[in-house]
Structures are given as structure tokens and as C-alpha cells.
Amino acid sequence: MKVESVTKEETKKPERKIKLAIAKPEDYSNKNVILEKEEELICPVCGSKNIIKDYERAEIVCEMCGCVLQQNLFDVGPEWRAFDHEQRVKRSRVGAPMTYTIHDKGLSTVIDWRNKDSYGKDISADKRAQLYRLRKWQRRIRVSDASERNLAFALSELDRIASKLGLPRNVRENAAVLYRGAVEKGLIRGRSIEGVAAAALYAACRRCKVPRTLDEIAEVSRVDRKEIGRTYRFISRELNIRLAPTNPVDYVPRFASELKLPGEVESKAISILQKAGEKGLTSGRGPTGVAAAAIYIASVLQGTRRTQREVADVAGVTEVTIRNRYKELTEHLDIDVTL
């Protein structure tokens, strides 16, 4: 029998090049702010996006077909474990995370205002004057030029308005990103810093589906409603911001909470607005007026009635607007309301 010799190259299996398709989703906190883009892996075998990280085996695996996309991962987390927030804060050895709401993104050093050392002991009286001077010069060197000074003022104004309106953290971050984008494109020249900050906050509220009206923002800012609206339209066009019309449903939780209405009324109002949207009754009408009318109808139907004046004061509309929207909703949705 003749045995043919097989070379090593002939026995070598053909290599299969695996190319990972990379997608970049918009992800920051609750997926409303575009700050950092994290790579999303797509399985090259089945095309699934259900990719899981197995920390015990240090592998990235496709949940659908089991293909191992990456192995021998490094654990970049802390070496300690914490079981509650208090332990996490106590054991952490790093500072606050980076934020866009501070002009230097929170990366510079800040001297604490309390006159205590690293052990928590009071600083002696003879060293307090020196600490005061260090603190003063530290504040000065954080702002190096006029542009940083203007940015610091704008972000402080933005934070002040957001605090007055009780807006969450993600809205503030989003507004800061929009304002920085306006600065980079030179959109601030010829306009007031307060006006651009208020307009950026209004756009961030709409993007994050935490709606606030122009009147509400103008009430706590130093500019009028007309200027905020004009600046908002300008920066939306220049920054290519595409925002859908405000949904009246987004106003219902806040209005219902201020009126101290139970959850049943809120759910009923949302149901009414969803049916109204399917029939096109919300198009071309102010979202606050439609939401106020739906809440008024729901409160009557659920036996926890609020007067039109009470609802109008919370929603920032007139009683006439509520009556007009009330008439449209009850007639087109066949809602029998006994007053």
C-alpha cells in the first residue's frame, strides 16, 4: 500500500475571518442623552444582537447560537464588593463622574469649603487664612479665559433654571451638550447667553420626553417667551435637531400629581388621549389643553372631580380652552359624562 505524504500546509484548515459589525446606539443613562457611544456587537454567524458577557468564563457569547465573539476579557471593575449604596460610596476611591454640566467637565481639582483636613479634624486658625487664599486662587485658575468664563456662567444659569423646574439629571446633561454644540458652531454671537441656555433646556426637555412649556421656562428665566422660542427654532435648525411634536400624554403624570389625583384617573386620562390620537383629535391643538381636558374628563368619570379652574391653573391654560377640548373629546369619542 502506497501512503501519500501530506504536508502540513495541506492539513491546515482554511481560516475563517470573522468581521464584527459595529453599531453605535444612543445610550446615556436612560437613552435620552447622546454623550458617549458604546459599541454594540452583532453576531457574525446568526446576526443576532443578543450578546451577553460571561464574567465567570471571561467571554462575550452570542445568546442565540453560542458563538464566542471574544475571550480572555479583563475585569476593569473595582476589586471590592458593595451590597448597598452606603458601602459603595465608602469604598470608592475615585471622584465624581465626568459631567457636561460643569465647564471643565468636572475633571479639575476643587478645594472643599469646609475647614477640615483629610482626617476630618478642624484646621487651626493660623492656617485658615492660607486655605482661604488657596481656595480663592483655585477658583480663578479653573477659568482660564473669557470663553470658559462665559461657558461657566451659561451652565450655572442652565442649572439654576433646571433646579427651579425640578428637572432630572439626564435633561440637564442633554441641555449642556446642546449648549456646547451651539458654542462650537458659533451660534451664541449676537444672542444672549440666558436665551440660548433656556432654549437648549427647552429642546432637552422635549428630547427627553419631560415636557415643559415655553411659558414655564420663561417664568423662571431672565428672558421672555418670544426670545426663547425664536432662539430654540434657530439652534434646532443649525444643530439639525429633529424633534417630534410633544405628546399630550407626557403632561398627564405631572398634572395628575399636582392635582393629587389617584392612579386610576391618570390611567383613564392616558387611555382617552391614546384614543384621541388615533382619531387625530390631538393634531393642531395645544398639548397642554388636550391633556388638561382629558384629566378633567377622567376625574369626573372616576368620581374624584376637580373643577375646571383647578385643572386650568395647573396646566397653564384657560377654562375656555378646557371646555373646547372637553367638547371635542366627548363628542368624537362618545364619552357620556354626567356633571
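Placed from the backbone N, Cα and C atoms, the Cβ positions cover glycine too.
Positions annotated as Zn(2+) binding site by Swiss-Prot: CYS43, CYS46, CYS62, CYS65. What Swiss-Prot lists as repeat '1' is 156-239. What Swiss-Prot records for 250-331 is repeat '2'. What Swiss-Prot records for 39-70 is zinc finger.
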Neighbouring C-beta atoms (10 Å sphere around the C-beta of CYS43 (Zn(2+) binding site)): 22
Chain-internal residues near CYS62 (Zn(2+) binding site), provided their CB is under 8 angstroms and they sit 6+ positions away: CYS43, VAL45, CYS46, SER48, ASN50, ILE51, VAL68, LEU69
Those residues of the chain, 6+ apart, with a Cβ under 8 Å from that of CYS65 (Zn(2+) binding site): CYS43, VAL45, CYS46, SER48
Residues in the repeat '2' (250-331) grouped by DSSP into helix, strand and remaining coil: 61 helix, 0 strand, 21 coil
Cβ neighbours of CYS46 (Zn(2+) binding site) where a neighbour is any other Cβ within 10 Å: 13
Cβ within 8 Å of the mean position of the Cβ atoms of CYS43, CYS46, CYS62, CYS65: remaining residues of the chain near Zn(2+): PRO44, VAL45, GLY47, SER48, ASN50, GLU63, MET64, GLY66, CYS67
For the repeat '2' (250-331), the mean pLDDT of the predicted model: 92
